[in-house]
4 protein chains.
Amino acid sequence: MSNSYGKLFRITTFGESHGAAVGVIIDGCPAGLDISLEEIQHALDRRRPGQSSITTPRKEEDKATILSGIFEGKTLGTPITLVVNNKDQASHDYSHIEHAFRPSHADYTYTAKYGLRDYRGGGRSSARETVARVAAGVLAAKLLQKYGISIKSYVAQVGSIKLEKPYTQLDLNQIDSNIVRCPDSETAARMISLIEEVRDNLDTVGGVVSCVITGTPAGLGEPVFDKLHAELGKAMLSINAVKGFEYGSGFEGVKMRGSEHNDQFFTDENGAIKTRTNNSGGIQGGISNGQDIYFNVAFKSVATILQPQQTINDAGEEIMLVGKGRHDPCVLPRAVPIVDAMAALVLADFVMRQQASKV
Amino acid sequence: MSNSYGKLFRITTFGESHGAAVGVIIDGCPAGLDISLEEIQHALDRRRPGQSSITTPRKEEDKATILSGIFEGKTLGTPITLVVNNKDQASHDYSHIEHAFRPSHADYTYTAKYGLRDYRGGGRSSARETVARVAAGVLAAKLLQKYGISIKSYVAQVGSIKLEKPYTQLDLNQIDSNIVRCPDSETAARMISLIEEVRDNLDTVGGVVSCVITGTPAGLGEPVFDKLHAELGKAMLSINAVKGFEYGSGFEGVKMRGSEHNDQFFTDENGAIKTRTNNSGGIQGGISNGQDIYFNVAFKSVATILQPQQTINDAGEEIMLVGKGRHDPCVLPRAVPIVDAMAALVLADFVMRQQASKV
Amino acid sequence: MSNSYGKLFRITTFGESHGAAVGVIIDGCPAGLDISLEEIQHALDRRRPGQSSITTPRKEEDKATILSGIFEGKTLGTPITLVVNNKDQASHDYSHIEHAFRPSHADYTYTAKYGLRDYRGGGRSSARETVARVAAGVLAAKLLQKYGISIKSYVAQVGSIKLEKPYTQLDLNQIDSNIVRCPDSETAARMISLIEEVRDNLDTVGGVVSCVITGTPAGLGEPVFDKLHAELGKAMLSINAVKGFEYGSGFEGVKMRGSEHNDQFFTDENGAIKTRTNNSGGIQGGISNGQDIYFNVAFKSVATILQPQQTINDAGEEIMLVGKGRHDPCVLPRAVPIVDAMAALVLADFVMRQQASKV
Amino acid sequence: MSNSYGKLFRITTFGESHGAAVGVIIDGCPAGLDISLEEIQHALDRRRPGQSSITTPRKEEDKATILSGIFEGKTLGTPITLVVNNKDQASHDYSHIEHAFRPSHADYTYTAKYGLRDYRGGGRSSARETVARVAAGVLAAKLLQKYGISIKSYVAQVGSIKLEKPYTQLDLNQIDSNIVRCPDSETAARMISLIEEVRDNLDTVGGVVSCVITGTPAGLGEPVFDKLHAELGKAMLSINAVKGFEYGSGFEGVKMRGSEHNDQFFTDENGAIKTRTNNSGGIQGGISNGQDIYFNVAFKSVATILQPQQTINDAGEEIMLVGKGRHDPCVLPRAVPIVDAMAALVLADFVMRQQASKV
């Protein structure tokens with residue numbers, strides 16, 4: 001049951017990285033939404049390997065197939081199943097890691113938990129699983145469109161290079177204008193250089209994705225455990241390599257006094273209720289207040305490095321291990337559509353939960 | 001359904017801050033655990049108002065009553081209901097906030113969501129709800145004891161005063177040796193001074209609680225959405241005033257290269273599998289690896305301040321509002337047992353989920 | 001988690017029959033519904049012991065208290081907690097069953113499952129738990145009223161005495177016109193005589209409750225597992241002493257040919273879509289079709305009889321046991337409000353699920 | 001979310017009858033179970049069309065493919081995805097029902113609920129969905145094997161022809177010895193004749209499947225809502241065409257006095273606790289008592305008949321409709337493996353829930 005997310009707009013993902021396929025069932029998507037395979041493919045293309053010089057050069061086309069739930073271009077209200085077949089699953093040699101526990105991977109913990117594992121490329125623990133999330137996110141975003149809700153994520157930090165401007169000073173239409181997906185071209189250039197340097201050193205580096213959600217009506221989110229930011233936090237922390245989540249004023253904001261931090265309400269010229277500042281990040285008491293929602297997600301550096309590392313095998317013996325194959329020096333650019341997708345899934349679920357309570 | 005947490009060890013809390021009572025049903029607690037009312041009361045006393053000079057001086061005894069599920073000192077396997085009656089619910093005057101939307105409180109969002117609210121002292125959005133969590137956490141901790149799992153939280157930051165030592169250099173038995181619950185006496189003294197200063201300025205301040213979980217076996221946590229740290233994150237973010245969560249290397253760790261960040265495995269002299277560093281925070285691929293689990297939780301400053309603030313009322317008119325009554329200048333000391341409780345609830349649930357898969 | 005029912009309109013019940021109290025949390029009830037304690041009490045009075053000469057003469061007032069979720073006569077959208085204290089919990093002597101496994105009671109199975117039990121009066125397995133269901137059902141019925149949905153249950157069989165008329169030939173406003181709650185006065189009189197005879201023989205007898213739901217719009221129910229009739233079935237089978245459930249043509253209908261059983265559609269003079277027969281019981285493919293929903297629920301005879309019976313104790317030794325106290329010779333009259341309540345809870349949940357999918 | 005069943009051993013099915021495929025994800029199946037595609041195929045073959053002269057002559061091979069969760073012949077603990085492609089989906093002409101609401105089918109209710117439907121062969125409402133259940137049931141049965149639990153279903157009634165012997169007088173190894181799956185050869189012959197007669201009259205007929213579960217330990221099932229028989233009831237009622245469920249003494253048993261109905265406990269020569277009669281059907285208070293569990297499931301006659309019927313179209317106009325194609329005159333023989341599968345899924349879930357509570 002842990003492979004499902006959402007209460008009403010509910011996805012269940014499946015697939016090992018080198019099994020036959022990865023995919024998703026979306027159960028609960030409302031009927032009558034227009035959807036095309038092209039829209040799904042467009043999102044997958046933002047995530048796929050080999051899309052630029054700073055991602056892994058692996059060539060995977062990640063073509064989605066619809067198995068159910070969509071008929072004549074519309075959602076049926078029945079479970080929507082999307083599948084992406086894995087390529088060349090037999091062609092690689094994974095024997096060097098069959099018995100090894102790679103440092104900071106999930107090889108050891110899966111073995112400890114299940115007693116066995118599909119060792120090929122990480123199996124279920126591989127970030128390849130996020131293909132399914134991105135595909136499902138397209139349907140969630142479709143539903144949110146009906147409510148005027150829009151989600152934009154971008155790379156805000158790579159290693160120590162940080163985009164210092166707040167999102168309000170950025171043009172979020174420029175996110176895809178460069179390969180690192182940072183909407184500030186100057187910072188983007190420095191990030192790209194850093195990733196290239198790290199890659200050339202056979203190393204990897206982490207960073208931060210920021211996400212901004214606009215158009216949310218007041219009233220989304222559910223007290224007390226399923227607070228809007230608590231679900232966003234869980235959804236983000238469930239993405240591979242994520243180590244932290246903060247929204248609104250976040251960790252820095254703890255230094256502020258209440259008198260500085262409080263967001264004063266006012267009524268604008270159109271009679272809309274707004275706040276003069278937005279340290280709350282658009283959420284108060286776990287419920288959206290109609291202001292922009294924004295949050296940060298911390299990604300650690302990729303664990304697979306092309307340098308020799310000391311570790312142990314499943315007999316407990318110390319061994320040396322060198323990463324093989326082609327890997328990302330930095331997952332941040334490819335993480336952007338995953339954050340978009342998970343945010344969309346969270347919001348879609350809350351939109352439906354809010355609808356449910358209408359009498 | 002959003003007032004429940006946990007899949008197998010499942011709690012449902014209820015109660016408005018000035019209604020008849022707050023309480024909790026624990027559904028799924030295994031039968032046969034020894035439990036006394038005194039143990040529950042001990043935990044509630046760590047959370048209760050009026051416990052020290054730096055918490056709110058409100059006098060609330062917060063005495064728990066057992067309504068079901070415990071018989072002759074043992075859990076029955078049936079739902080355990082714990083209730084704490086609210087005191088003096090009629091005695092205060094809340095008419096000044098009946099129509100006001102207090103800044104950075106949930107007055108506006110509850111009204112937007114539900115169309116009405118219990119305005120007395122925040123109603124359901126009040127942190128008084130955490131009484132129920134702390135009571136339930138005692139049962140969860142009881143279950144964890146059987147597995148040798150121990151949880152210790154402490155105040156690691158108040159405003160800009162930060163405990164710079166990592167937890168490995170602290171004596172976690174000293175947490176309750178001072179009223180701010182920081183195990184380093186020198187830092188604790190500075191934190192207490194800051195809180196007193198802030199209080200005397202009729203203001204409030206935020207901070208960070210750190211939590212360390214020891215004794216966890218490898219194998220707890222469920223891929224892919226219910227990762228151990230994703231559930232910890234959700235649980236922490238569901239606590240009032242929390243703005244961020246990070247585990248292991250956290251936000252700072254994103255700057256590290258993979259070659260620095262990776263935790264190398266080794267086998268110790270007893271044949272136990274360990275890692276030389278613990279940037280993973282005891283969790284890899286969402287599953288515990290047997291090392292210590294540690295994480296940080298950011299709390300914003302309390303929204304109720306005893307200074308005049310500009311805001312609006314429910315007619316959209318601008319008004320001035322001054323906080324009344326007795327409030328905490330800093331929630332951090334009282335947040336410690338809440339973090340303890342939520343961590344225990346997360347772990348108890350995962351222990352049961354792990355048991356479920358045993359054949 | 002097994003003490004909860006419903007996905008969106010979700011109740012969790014608690015309480016042992018001789019513990020401090022029984023009660024319920026309703027999580028998910030929409031905000032703004034008008035509700036009074038009198039309405040809740042009215043439903044509880046239909047269920048309470050001692051209400052007539054053919055129920056148990058135990059005097060229990062079953063007075064409900066509201067602990068949360070209702071403010072100034074309206075639901076808040078927060079969890080609603082209703083509690084009924086148990087009377088005289090200490091005053092009776094249950095030592096004769098402390099170690100005995102009563103025939104066809106749950107003493108043995110609870111002990112096998114949990115390793116211990118609250119033996120006083122059945123503890124959690126007692127039908128006293130249905131107090132909580134009936135109280136919660138009042139809120140569910142309130143929600144259904146907004147949609148024009150009405151539920152009427154009645155006693156259709158006691159022992160071999162069967163009400164042969166279909167519900168369409170009955171005046172369902174006459175259900176409470178007699179103490180057995182059968183809307184046909186002639187049959188009611190015969191049922192009452194039978195129950196009195198059985199009671200005087202220190203024995204018990206079973207029967208059937210029929211339920212009719214009118215006013216349901218087409219479209220309620222969720223394929224494929226949560227079919228409307230599947231949830232009704234589960235809800236009914238979860239009531240103490242229930243042994244069977246059938247809807248529409250039921251068990252008898254299996255003899256019919258398809259050409260007889262099929263319900264032909266037609267459009268009435270107002271343009272409404274109807275069926276000429278209703279063997280479907282108002283449900284097709286698990287979804288309501290707008291016709292009346294009707295079903296039968298079989299209740300076995302009460303297990304507690306005032307005659308000596310052979311059984312064993314928890315040491316496995318054979319013993320003789322005689323029921324003590326005052327018990328119902330037939331639960332059917334008191335089961336009627338329980339069936340009403342569970343049907344209301346099922347429908348309320350589906351109404352909310354249907355709302356959730358509206359875009 | 002309504003396309004999922006089970007809390008811990010959880011399946012989610014997908015697929016329209018004439019879409020690309022039908023299939024299932026099993027989330028929560030324990031790791032390390034041995035499983036082969038042949039075992040899955042064997043179960044599907046008991047359900048597939050065209051298997052005998054009294055089922056539909058449609059030729060569908062229903063070959064299963066494994067997409068995930070099984071590696072080198074063992075379950076991984078990750079989601080298991082099984083898919084069966086639909087054949088010839090484009091080859092048939094369904095235009096005659098595109099706008100028609102077939103009597104006692106779900107055409108009208110799906111349209112009312114979703115606003116559109118996949119009209120080809122019933123779409124999601126088709127019993128073809130049960131392919132997925134049968135496939136998943138094989139994994140559940142594998143888990144039950146480890147606990148010595150065995151499930152045997154058979155056809156106990158076709159139309160008015162009823163197998164009068166109780167299961168204790170039958171040889172349940174003879175179920176597959178004839179094409180109607182009734183273990184009594186004489187009754188089977190009469191059932192087959194009836195089905196042939198009905199078929200030749202272009203009509204259909206219903207019946208009853210009985211199921212017997214042996215080897216269940218005492219203690220399975222969860223009070224109060226998720227009683228073992230309540231979940232069995234829901235699971236059975238969720239199967240297409242099912243109209244009723246009863247267990248143990250069932251509907252007939254309501255006539256019995258308590259003194260007749262009660263099952264007296266005794267200790268057998270091996271010290272095992274047993275009951276002298278089994279009117280309880282192996283379940284007391286919703287929890288298994290270690291005796292055989294047995295229940296009956298009523299199936300109505302198939303709605304598709306090859307005779308002209310009056311109905312309406314989606315414009316509300318009256319039309320005449322004649323069934324086309326090749327259909328089952330009686331689903332009972334093919335329903336047997338579906339009942340087996342659903343019973344296995346219920347039991348597997350409860351086995352895991354029971355494990356979860358072990359400390």
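Glycine is no exception: its Cβ is also placed from the backbone N, Cα and C atoms.
Residues annotated as NADP(+) binding site in TrEMBL: B:Arg47. Residues annotated as FMN binding site in TrEMBL: B:Arg124, B:Ser125, B:Ser126, B:Asn240, B:Ala241, B:Gly285, B:Lys300, B:Ser301, B:Val302, B:Ala303, B:Thr304, B:Arg326.
Annotated features, which come from TrEMBL, shown on the structure.
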residue	record	contacts (Cβ under 8 Å, 6+ apart)
B:Arg47	NADP(+) binding site	B:Asp62, B:Thr130, B:Val131, B:Val134, B:Arg334, B:Pro337, B:Ile338
B:Arg124	FMN binding site	B:Gly15, B:Glu16, B:Ser17, B:Tyr110, B:Arg117, B:Asp118
B:Ser126	FMN binding site	B:Glu16, B:Ser17, B:Asn240
B:Ala241	FMN binding site	B:Ala127, B:Gly206, B:Phe299, B:Lys300, B:Val302, B:Ala303, B:Val331, B:Ala335
B:Thr304	FMN binding site	B:Arg102, B:His105, B:Thr204, B:Gly323, B:His327
- For chain A, which of the binding-site residues B:Arg47, B:Ser126, B:Ala241, B:Val302 fall under 8 Å by Cβ? B:Val302
- Note on the structure: The correct subset of the binding-site residues B:Ser126, B:Lys300, B:Val302 with a Cβ closer than 8 Å to some chain C Cβ is none
- On the Cα atoms of B:Arg124, B:Ser125, B:Ser126, B:Asn240, B:Ala241, B:Gly285, B:Lys300, B:Ser301, B:Val302, B:Ala303, B:Thr304, B:Arg326, which are listed as binding FMN, what is the maximum pairwise distance in Å? 45
- Query: So how many other Cβ atoms are close to B:Lys300 (FMN binding site), meaning within 10 Å of its Cβ?
  - Reply: 28
- What does DSSP call B:Val302 (FMN binding site) in the simple three-state scheme? coil
